[in-house]
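Residues or ranges marked as compositional bias 'Low complexity' by TrEMBL: 498-515. As annotated by TrEMBL, domain 'Cytochrome oxidase subunit I profile' applies to 1-506. What TrEMBL records for 540-734 is domain 'Heme-copper oxidase subunit III family profile'. According to TrEMBL, the region 'Disordered' annotation covers 482-528. Taken from TrEMBL, the feature transmembrane segment covers 55-76, 97-119, 181-206, 226-250, 262-281, 293-312, 369-391, 403-424, 542-567, 587-610, 617-634, 708-733 (among others).
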Amino acid sequence: MKSWLTTTDHKRIALLYLGTMTLFFTLGGLLATVIRVELATPASDLVTAETYNRLFTLHGVIMVFFFLIPSIPTFLGNYLLPLMLGASDLAFPRLNLASWYVFVAGGLLTLTAMIAGGLDTGWTFYTPYSTTFSDSHVVLAVLGVFLAGLSSVFTGINFLVTTHRLRAPGLTWMRLPLFVWSLYATSLILVLATPVLAMTLLLVAIERGLQVGIFDPEFGGSPLLFQHFFWFYSHPAVYIMILPGMGVVSELIPCFSRNRPFGYEFVAASSLAIAVFGFLVWGHHMFVAGQSYFASVVFSFLSFAVAVPSGVKVFSWLGTMHRGSVWLTTPMIYALGFVALFTIGGGTGLALAMLAVDVHLHDTYFVVAHFHTIMVGGMLMAYLGGLHFWWPKISGRMYSERWGRIAAYVLLIGFLLTFLPQFLLGTQGLPRRTASYPPEYQLLHVLSSAGATILAVGYVLPGIYLLASLVRGRPAGDNPWGATGLEWHTTSPPPPHSSRSLPSSPTTPTITRARPSPPRSEPAMSEAVREPFADLPHQRDAVALGMWAFLGQEVLFFGVLFLFYISLRLRHPELFATFAPRLDWRLATAMTVALLLSSFTMALAVRFAFTRMRLKLLLSLLATLALGAAFLAMKGWEYAHHFARGETPFVDLADELGPGPGLPTFFGLYFVLTGFHALHVIGGLVALACLAIAAWRTPAMDLRGSPVMAVGLYWHFVDIVWLFLFPALYLAARLT
């Protein structure tokens with residue numbers, strides 16, 4: 001057990017994710033079962049309306065954040081990405097293990113919220129209900145989701161750096177498997193979108209604790225701004241869920257059609273196009289929320305545009321099968337089920353993109369059916385298809401093909417019976433999220449509940465025969481499907497930290513091809529088990545790329561805070577004219593000088609690291625530490641000064657403005673902005689202290705490629721953030 005909990009092998013970590021997410025999926029499925037049993041009758045017979053609210057909220061939170069979003073990337077992506085690239089592991093194995101622990105911690109916090117009484121806000125945590133009116137355990141839940149998001153960011157950074165830096169020689173971008181392309185596009189979304197949700201949810205927790213009015217109109221806040229930030233992440237999150245599934249299907253259909261992927265370059269480009277368009281369509285969730293008509297028209301148009309790259313993939317799959325010879329195995333049945341259900345879900349999504357239609361269908365069962373057709377029908381079909389396809393490689397055993405086909409058909413039948421009636425309920429105007437409904441809708445609800453029962457059986461069956469195959473399954477061999485990706489050029493299962501075979505020639509694509517040949521005996525990249533970057537000339541570039549990716553998400557993290565600042569400043573300039581003069585700009589100038597000097601000494605430290613001047617490196621690090629500590633000391637004195645004068649979010653003083661936003665609002669914003677920056681300074685000081693200790697204890701250390709440059713980039717970023725905060729807060733009154 002200890003070897004599993006401390007492993008850095010990407011394959012073992014993938015299996016840890018599989019076990020953890022299976023538990024969450026089971027819990028979410030049980031909650032869904034209770035919901036469907038309750039809805040079999042018009043009245044609230046089984047649970048009260050309040051309990052029903054908590055059931056569907058927890059079902060949504062668990063399924064979305066702890067299964068649907070991480071499932072394919074963290075399990076199949078973790079297991080297969082290094083194998084497909086010819087690498088021995090992911091770029092940062094320890095970060096990979098840390099991401100699993102963070103994910104588990106987030107799940108435990110969410111389960112604690114459930115055990116303590118649950119959550120009743122809906123999985124979207126809409127304000128002002130989540131910040132002001134709900135008496136459920138919102139803070140525990142949002143912190144759990146925050147940790148799950150942090151885990152996703154770690155995974156995304158790892159995948160991006162691995163794809164850029166650890167590809168086998170000859171494995172160019174246009175020869176990558178389409179699954180790798182989908183993971184790459186997904187990782188971009190994870191790194192660029194997740195920080196927005198993370199910061200927004202942290203502000204929800206802060207608002208509940210401090211009540212500074214961030215989302216409360218009475219104190220200058222805006223609930224609509226919360227929706228913008230939430231959906232800026234949550235619509236791209238749809239593609240975090242579905243893009244990896246598309247990548248899986250793009251591997252399955254060529255393999256079992258015995259054909260090249262039709263339009264490979266266009267399919268690869270469409271993954272990136274979907275990732276880009278995903279950031280431009282969040283407003284279609286807010287057609288009835290009060291945004292301007294012009295904005296709604298623009299978002300409606302963009303929502304139609306995003307269907308184009310999705311259509312490219314569908315036509316590629318159809319074209320691949322048209323020119324091929326289809327082998328209808330269990331994975332292929334799941335792939336075809338994905339294509340069918342994704343087409344239905346996408347078509348109904350286009351209906352919701354129309355303003356006139358969405359006004360009538362918003363918050364009805366039509367939306368529930370549409371979402372589940374894409375996510376449950378589409379993504380889970382791809383997940384199970386990929387699980388069955390790569391199960392022989394993972395386990396070394398074959399499962400029962402007969403039972404595999406039965407389970408796939410049962411799932412399809414159960415899914416259609418569950419959600420097709422819900423489309424009809426939605427077109428008749430029945431609102432979702434209600435425990436009771438008029439009796440005339442009972443027949444369709446009973447059909448949906450019956451379908452959910454069949455669907456549950458369809459999910460249980462694979463668990464039974466896949467586990468049974470570990471004991472009774474026949475040996476699978478290295479390549480039972482005749483596939484040609486690099487992952488099939490190794491034993492089943494692959495050994496820990498194994499290195500992959502290289503492509504046979506620089507001109508031979510590693511994507512699945514028409515006439516698969518048996519695996520060749522090819523020279524291994526390395527016979528030794530090595531840490532990634534152990535002897536690679538671009539080690540420094542990889543570490544730097546990882547830090548740049550991390551700083552990219554940090555920009556968005558702080559960007560949310562600055563947008564809240566801009567929103568409040570534009571709507572209530574009188575706040576800054578009244579309260580900004582209470583901030584000591586002279587002290588802030590001294591803090592600015594300290595940070596600017598620390599950036600200079602940090603730059604010297606990086607230079608001395610690369611020139612191996614150990615003593616000068618140590619002195620530069622100590623100087624940077626001293627300047628950073630001086631900044632924190634001044635910031636601590638400033639905080640104490642404001643607390644002594646009652647200038648805090650906790651004290652609702654009768655201020656000069658009368659009713660409405662006032663002192664608590666301004667100083668709430670001040671403490672949030674400067675507090676998060678101070679936490680980043682503390683993190684930088686910890687990293688600097690670790691570097692200084694390493695330089696002191698290891699006189700002969702080779703500092704080329706060391707973390708000094710990465711920490712330097714981080715420290716410069718923290719200083720740049722302060723250069724924005726200084727004029728925005730301390731000079732605000734003089735800029736008004």
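Even glycines carry a Cβ here, placed using N, Cα and C.
Contact between the transmembrane segment (226-250) and the transmembrane segment (708-733) is absent: fewer than three CB pairs lie under 8 Å, with pairs separated by 6 or more positions in sequence. Distant neighbours of the transmembrane segment (617-634): 587, 590-591, 594-595, 597-598, 601-602, 604-605, 608-609, 678, 681-682, 684-685, 688-689, 691-692, 695-696, 703, 708, 715; these residues of the same chain sit at least 6 beyond its ends, with a Cβ under 8 Å from one of its Cβ atoms. Away from its own ends, the transmembrane segment (293-312) comes close to residues 263, 266-267, 269-271, 273-274, 277-278, 280-284, 286-287, 342, 346, 349-350, 353-355 of its chain (Cβ-Cβ under 8 Å, at least six residues beyond either end). Residues 68, 71-72, 76, 79-80, 238, 241-242, 244-246, 248-249, 251-252, 255, 330-335, 337-338, 341-342, 344-346, 348-349, 352, 397, 399, 404, 408, 411, 415, 418-420, 422-423, 425-426, 462, 466, 469, 481, 487 of the same chain lie 6 or more positions beyond the ends of the transmembrane segment (369-391) yet place their CB under 8 Å from a CB of it. Residues 174, 176, 178, 181-182, 184-186, 188-189, 192-193, 232, 235-236, 238-239, 243, 246-247, 250, 299, 302-303, 305-306, 308-310, 312-313, 315-317, 319-320, 322-323, 511 of the same chain lie 6+ residues outside the transmembrane segment (262-281) yet bring a C-beta within less than 8 angstroms of a C-beta in it. Cβ atoms under 8 Å from those of the transmembrane segment (97-119) belong to residues 6-8, 13, 16-17, 20, 24, 51, 54-55, 57-58, 61-62, 65-66, 70, 74, 134, 136-138, 140-141, 143-152, 154-155, 158 of the same chain, restricted to positions at least 6 beyond its ends. Within the same chain, residues 540, 543-544, 546-548, 550-551, 554, 558, 562, 565, 569, 576-577, 580-581, 583-585, 588-589, 591-592, 595-596, 598-599, 602-603, 605-606, 609-610, 617, 624, 628, 670, 673-674, 677, 680-681, 684, 687-688, 691 sit at least 6 positions outside the transmembrane segment (708-733) and bring their C-beta atoms closer than 8 Å to a C-beta of that stretch. Summed and averaged per residue, pLDDT over the domain 'Cytochrome oxidase subunit I profile' (1-506) gives 93.
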